[in-house]
Amino acid sequence: MDAILSGLNDAQRCAVTSDGLVVQVLAPPGSGKTKTLTSRVAYLIRDRGLKPWNIIVCTFTIKAAREMKERIRGFVGDGIESRLILGTFHSIANRFLHTYGHFIGIDKNFGIADSSDSLAIIKRIIKDRRYNVEPRVARSRISGLKARSIGPNEYAVTTKQVEQQEFSAIYTEYEERLKVSNLLDYDDLLLRCVELLRRQPQCVANIEAVLIDEFQDTSHVQYDLMCLMAQSRGNITIVGDPDQSIYGFRAADIKNLHKMREQFRETVSTILLEENYRSSAAILQSASEVIEQDEQRPAKRLLPTHCPGELPVLRRLPSANIEAEWLVTEIQRSKALTGGLLKNSDFAVLLRSAALSRPIEAALVKSGTPYRMVGGLKFFDRLEVKILLDYLRVVYKPEHNDALIRIINTPPRKLGDATVSALLEEAEGQRKTLWNLVLGIAQGNNRSKVKVSAQAEKGLKEFVNIILESHRKLASEDGCSVTDLLLLLIKKTSFEAYLRKSKPDDFDNRWANVEELLAQANDASLAQELEALPQVEGLQQNEHLYPEEDSLAHFLTNVALSTEIQQENGASDQVTISTIHAAKGLEWPVVFIPEAYEGSIPHSRAEDTDEERRLLYVGMTRAQALLYLSCPVKNSLKEEATLSSFLSNPKIANFFAAKGPSIGHNVTQNLARILRRECPSEEATRKGQESIDRLEDDLYPLNGEELTAENRNWDYPNYRNKRRK
């Protein structure tokens, strides 16, 4: 049996084997888009004879890229998948710029300014110029302009108001400071790669096919990059779903699908995947009713492959706190009544905004239900990890002013903020980097105008010596691994003692993070040499993309491009709390979407109501077997809350139940079929029924009124320990 085509439905097979030069595969939730895209890559290699090193595959997350490689390896054999140019838009752009950036004046040793670097630069500019601009807003606006390929000079021409002129000055100086530090920010990676491929199209002369995942999330500049990467052969396959376009705030452009059809109208073919393998028919029907309120969208069908299942629930509760308590009782009730079919990790609570989580977290804690927050503090953003990474950045690139500012007095060296600011101002006045100034002071070659105490001067000399010694070790003939370099820095800075003294209550957890960083530095999957781009005849590449002694550069690049949580604390059997945005592409057996009121979803500050509707649709289609939506009569601020306009149409009510389902053995059997799990025995479900006090979702009135006097005294937190009389 054909390993690539077996298990595909007719539409998927058509997409995989299409002869079309430009193929748009429209893939609704749960329709097997990843399977289709990976099968197409394998088919192009095996059946069309394309060379893997001449194929570009762009994803939107590192996790997606990793999963895709694993699947392709299963199709075409171990080792072949590693020859693909596969990764996120940013990581692929980074590879091209490191290899060919010299054609447009980019130093091959450029660094990447991560989000904290960008924000720190902007904060300093605003402070220096005494502007009344919120730094995060300025950073977001700069990113939005870059996503539309608008540079500071183009923007400056259009500015008229004083506020716009201030922002224009911030944008201009931000770019200048990046250049001085030899840094590119995330947006620059894409913009400069577009510039490179326009000026030097021979860089992609070998590319035979370009495939894009999650196309609906592409921005203007990413669309341009796709076209430029494919300019040699014009062979493009995209997979996307306009109904799941929810990243307008990141400059994703839903119009790109139409733009692509227009640009390639002579060669484009469109294939629609309609069969859904994730959700019950009832969940799909309710989600379709919500999204179809947008009359501008093209008509599409979602064909269920599962049984109807239980009607989704649309529940009204008196308040946000009671809504949270009800949510927890439903988790415990459905776990018990299904006889062990469901566990905590099968449940997800999806929120329009992370700020809505407080009452839900409180209710989960009160009931003793373990949970995890998706989108919590990322591993590389944790204080102790950031400090050590900044030391590595300064060792590799001393002109990295912002990293230097963050560590020059960490651990404390008697160099206060005022002193560091004055030194920075002096360095900028002399058109030097901060490192060049402090190096001269420490070595006695420069006399500074800044008054520095004897203790501070001693601390400055110690800091400079640590960086110089580390740099010498890195550049030595014997070479130096990133792990060895970190161990040296930890020793020379007395980092363990610093953490014990500054974070005594949390030392063990923080030191565990340091040990995890050492492990990751030693991890071959993170520190391996970057796969070189294939040699193009007649085109000069930068030699030694990452020299053997400079594995540090590769490690720091991987860190900068990593957007995923690297570590999770606690047990795996936990209820998940996540924003809907962060849940995209994921699925759970049971999904709750609380606080579905006007002002929450659609959000009161949302500019695009249609995108808010798509967001609700994405949340609903994360559910496999059970779906609960709820709305409090009063929100967490004690304000009156009106049911979301996306759910208030009387016709919509026909596709929802007013309370949680009655769960018996027959319902449990259906849930097991949908989840493709073995069904617990009737004995197990009977014991589950005996373990709880309430078999039905009948504690709270259906109309959102307060509890009756009889129910008000019911002991909610301890109901699991009761036995029905």
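A Cβ is built for glycine as well, from the same backbone N, Cα and C atoms used for every other residue.
According to TrEMBL, the feature ATP binding site maps to A27, P28, P29, G30, S31, G32, K33, T34. Secondary structure at P28 (ATP binding site), as computed by DSSP, is coil. The C-beta environment of P28 (ATP binding site), restricted to residues of the same chain at least 6 apart in sequence and closer than 8 Å, consists of D241, D243, Q244, L273, E274, N276, K300, L302, T621.
If you look up TrEMBL, you'll see 6-280 marked as domain 'UvrD-like helicase ATP-binding'.
Positions annotated as domain 'UvrD-like helicase C-terminal' by TrEMBL: 281-585.
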ATP site shell beyond A27, P28, P29, G30, S31, G32, K33, T34, criterion: Cβ within 8 Å of Cβ centroid: T36, D241, L273, N276, Y277, R278
Reduced DSSP assignment, T34 (ATP binding site): helix
For T34 (ATP binding site), nearby residues of its own chain (Cβ under 8 Å, 6 or more apart in sequence): A64, E67, M68, R71, D213
